[in-house]
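Trainee: Quick one: the structure is below, questions incoming.
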């Protein structure tokens, strides 16, 4: 892609997110979300493959439907209350709005677009879709967290954790595994959103760090399938070892970073007398643990039959290693700081 065009699209992404983050007016928030959506579509189709075009079309249609619902519900709210302020919402528009925002985020049962879209695009664009594109809708949810319907958030959060675990088990494509992982993590974030918005924000920040680390490692190893990951150890042992630890961090195993949000969310739910909900969330997340352990098994304990006994072959481009290493360190060692 032309560097000038790429710069314009990336700047548009940044501007769209900034507009949504700094807006108090629903129309401005909607404009920011629209700029975001329109800026990422050319990035998705920069390799003109039918699969990429299909992914971009699915993404555009889903996001357009969610944006239309956001505009429609904020319009109804303005008609009822005479205000466009983000925090002045009545019950019906608030429910419609939260469903629309959760559709933009890819929460279950409005998640069907997410694995398909992520599978059809390149790894760098997948990284933007899994991290940056979630920031604007998540800030809107956090700003309106005190108005959310508790039953709706818990139902969608639980469904997301369940589908995030269940859907990832049978996958052989790593991008689809990351899509289901994203759905599961967003489920954890939304379950606690009404009880403790700050904890949700903390969880979201750690999710962005861990997902970025994972995608950067995959980009450095240029792997998109499980069969490719099984041969990565003989090519780049150090990177494969750190990728394995990042996977375990995403799964939420102590003493890695991913354990912090799960521990704090469980403690908060118990404190709020939602012990049954906490135990359900923990049990369902064992499904996610299963497919991460499967990936770590494939990456470390299986070796291809034709591995040379001579010196290891290092094929990782050196310029991608420093940022990948920094993100990996953050994804593994933030638990004591947290």
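Placement of Cβ uses the backbone N, Cα and C atoms for every residue, glycine included.
Curation plays no part in TrEMBL annotations; they are all automatic predictions.
Summarising the annotation, TrEMBL assigns domain 'NADH:quinone oxidoreductase/Mrp antiporter transmembrane' to 25-288. As annotated by TrEMBL, domain 'NADH dehydrogenase subunit 2 C-terminal' applies to 289-337. Positions annotated as transmembrane segment by TrEMBL: 56-76, 96-114, 148-170, 177-195, 201-224, 236-254, 274-293.
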Trainee: Count, for each of 56-76, 148-170, 177-195, 236-254, 274-293, the Cβ pairs lying under 8 Å from the transmembrane segment (96-114), and report the range with the highest count.
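Mentor: Per the Cβ under 8 Å count, 56-76.
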Trainee: Counting Cβ pairs under 8 Å that are 6 or more apart in sequence, does the total for the transmembrane segment (148-170) and the transmembrane segment (201-224) reach three or more?
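Mentor: Contact absent: fewer than 3 Cβ pairs fall under 8 Å.
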Trainee: Quick one: do the transmembrane segment (201-224) and the transmembrane segment (177-195) have at least 3 Cβ pairs under 8 Å, skipping pairs fewer than 6 apart in sequence?
Mentor: yes
Trainee: Take every residue in the domain 'NADH dehydrogenase subunit 2 C-terminal' (289-337), average their pLDDT values, and give the whole-number result.
Mentor: 72
